[in-house]
Amino acid sequence: MDLVLPLNQTHLGFSSVNNCAHKDTFRVSSLGFNNACFCVLSSDCDMRKSSNPSRKYRRNPNPVLAMDGSNGKLPTLSNTHLSDNGHLNSMYSKTSYEDFQSNNHLRQLVRNGELEEGLAFLENMVSHGDIPDIIPCTSLIRGFCRVGKTKKATRVLEILENSGAIPDVITYNVLISGYCKLGEIDNALNVLDRMSVPPDVVTYNTILRSLCDSGKLRQAMEVLDLQLQKECYPDVITYTILIEATCRESGVGQAMKLVDEMRSKGCKPDVVTYNVLINGICKEGRLDEAIKFLNNMPSYGCQPNVITHNIILRSMCSTGRWMDAEKLLSDMLRKGCSPSVVTFNILINFLCRKGLLGRAINILDKMPEHGCTPNSLSYNPLLHGFCKEKKMDRAIEYLDIMVSRGCYPDIVTYNTLLTALCKDGKVEVAVELLNQLGSKGCAPVLITYNTVIDGLSKMGNTERALELLEEMVAKGLQPDIITYSSLVAGLSREGKVDESIKFFHDLEGLGIRPNAITYNSVMLGLCKARQTVRAIDFLAYMVSKGCKPTEATYTILIEGIAYEGCANEALELLNELCRIGVVKRSSAQNVAVRNAGIFK
């Protein structure tokens, strides 16, 4: 009699009994067995989207079906026999079940983010002859790439290739993408060369994007030639990547030749392609041509979108064409192209830079009418404008309005306010605001601390500034040249010269190279302390370290010499420095005016 196998039909013609509700059957009439049912245990048969548009999905080769090591083939009849109870068995069934268990465990490790454990387990299972499933292996590759461990990702691919499993184009694309994101383009190209399956358009687009972003357009064109030789035809994304790079490197004129070639190949430009061209035209300062291009787009069979309008709007604002910007906004609304938050932010930023804060507020208030909720980038230019005009009360007022409307300030907002408060001499208010940032869910960054430390140092409160230095280090923030320069200058101004020099050497000990401003701060402190000889020695040290003295360096020393009672010598030195062009005549006159009581 025929052997009837209940099937959950797959596109490979294989079966599983995961869902026996299906009545599809596979009839084996030649075996002559009595109603024996051959059941194949199945692992997760995940559906994966293919990068090839011509085939939407593909199934993972079932590792449990790989009973003869062929990654998905049923065993031959010579390798099968009947059990005592009449069921058809395979000599490989135990191995197949172990494959299934191993791949399930590997999948679980990857899902839990246990990448190192996953790699170790993969190596172990392959050493025991198990065939890995390509889906968890691909996820393992992606995980290693995400954390920058591309060598281990490559190791996973090597294990997969050597195990008898067949990586697909998705697996290779994930590794190539990982290399490209880290700028390791040569390694990505090596993977391309060693692929055991044909690359697809996604493979090439990933590499072309990386090359173009690195300014390697010529090499990108060589890769395009290779792509064409392999009969993998470019799509609209391919051409758009190359057109954008050509605009940057050779100008829009050259890029238009690529557009012509694109059309001749039957590949139609889309709105992204045209946006790239319009952006290039705007960057070349040809705004009127960009506007004409925008108006002609419908005749090219492509409607401009909000991004198209934003590109031109930004160019109008940067060139001061406010009336044109207002007209463009009206045209957008008339054509039914709804403005985005970015659209309004471009306008607000422009108006605030021009000091037209009232008009900026009007734009801000109208945003909800057009379905746009203001974000921190909408409020920040306004707050900066108020701070610039020293209207701190209005700035604080709009900070409160911002929060009341459900828009929470970001670190840029707070840094803007802290800078303005420190410049306005309200350092204690700045310190109080800094202390509140943690409770507001906004962690201070290096520039935040630097702003307040500099403000405290300039106000003569270096003691509190040093406390903030300890606080920032405790939070894992590494002080930089700006941090130490502020403290060195503050200590020098307070006459704490030895402490200032100690901080200077701490700076060197951290491998941070002091700049001329830092040296000048120490020399100013020494001169004020009537230690000009030490200041001159410090000048020699400065030169020996390869830091070039500035005009300020020399004027500090001249005033120090005069301050110690050597006015004639100082004046003579000043004239000599003017003669050789080290100090400008106007600067020398300023020094003479400041020290009129000494130079007689």
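Glycine is no exception: its Cβ is also placed from the backbone N, Cα and C atoms.
TrEMBL does not curate its annotations; it predicts them automatically.
The feature region 'Disordered' is assigned by TrEMBL to 50-71.
Per TrEMBL, repeat 'PPR' is recorded for 133-167 (among others).
Per TrEMBL, the feature repeat 'PPR' maps to 200-234 (among others). Restricting the average to the repeat 'PPR' (200-234) gives a pLDDT of 94.
Feature annotation from TrEMBL assigns repeat 'PPR' to 235-269 (among others). Per DSSP, the secondary structure of the repeat 'PPR' (235-269) breaks down as 28 helix, 0 strand, 7 coil.
As annotated by TrEMBL, repeat 'PPR' applies to 270-304 (among others).
Same-chain residues lying 6 or more positions outside the repeat 'PPR' (305-339) and placing a CB less than 8 Å from one of its CB atoms are 271, 274-275, 278-279, 282, 287, 290-291, 294, 297, 346-347, 349-350, 354, 370-372. The repeat 'PPR' annotation in TrEMBL covers 305-339 (among others).
The repeat 'PPR' feature in TrEMBL is assigned to 340-374 (among others). Using a Cβ-Cβ cut-off under 8 Å and counting only residues 6 or more beyond its ends in the same chain, the repeat 'PPR' (340-374) has close neighbours at 306, 309-310, 313-314, 317-318, 322, 325, 329, 332-333, 381-382, 384-386, 389, 405-407.
Note on the repeat 'PPR' (375-409): residues 341, 344-345, 348-349, 352-353, 355, 357, 360-361, 364, 367, 416-417, 419-421, 424, 426, 440-442 of its chain, located 6 or more positions outside it, place their CB under 8 angstroms from a CB of the stretch. Residues annotated as repeat 'PPR' in TrEMBL: 375-409 (among others).
If one looks beyond the repeat 'PPR' (410-444) by at least 6 residues along the same chain, the residues whose Cβ comes under 8 Å of a Cβ in the stretch are 376, 379-380, 383-384, 387-388, 390, 392, 395-396, 399, 402, 451-452, 454-456, 458-459, 461, 464, 468, 472, 475, 477. Feature annotation from TrEMBL assigns repeat 'PPR' to 410-444 (among others).
Residues or ranges marked as repeat 'PPR' in TrEMBL: 445-479 (among others).
Here the repeat 'PPR' (480-514) has long-range neighbours at 446, 449-450, 453-454, 456-458, 460, 462, 465-466, 469, 472, 521-522, 524-526, 528-529, 531, 545, 547, meaning same-chain residues at least 6 beyond its ends whose C-beta is under 8 angstroms from one of its own. Taken from TrEMBL, the feature repeat 'PPR' applies to 480-514 (among others).
Among residues of the same chain six or more beyond the repeat 'PPR' (515-549), those with a C-beta under 8 A of the stretch's C-beta atoms are 481, 484-485, 488-489, 491-493, 495-497, 500-501, 504, 507, 556-557, 559-561, 563-564. TrEMBL lists 515-549 (among others) with the feature repeat 'PPR'.
The repeat 'PPR' annotation in TrEMBL covers 550-584 (among others). Across the repeat 'PPR' (550-584), the DSSP tally of helix, strand and coil residues reads 26 helix, 0 strand, 9 coil.
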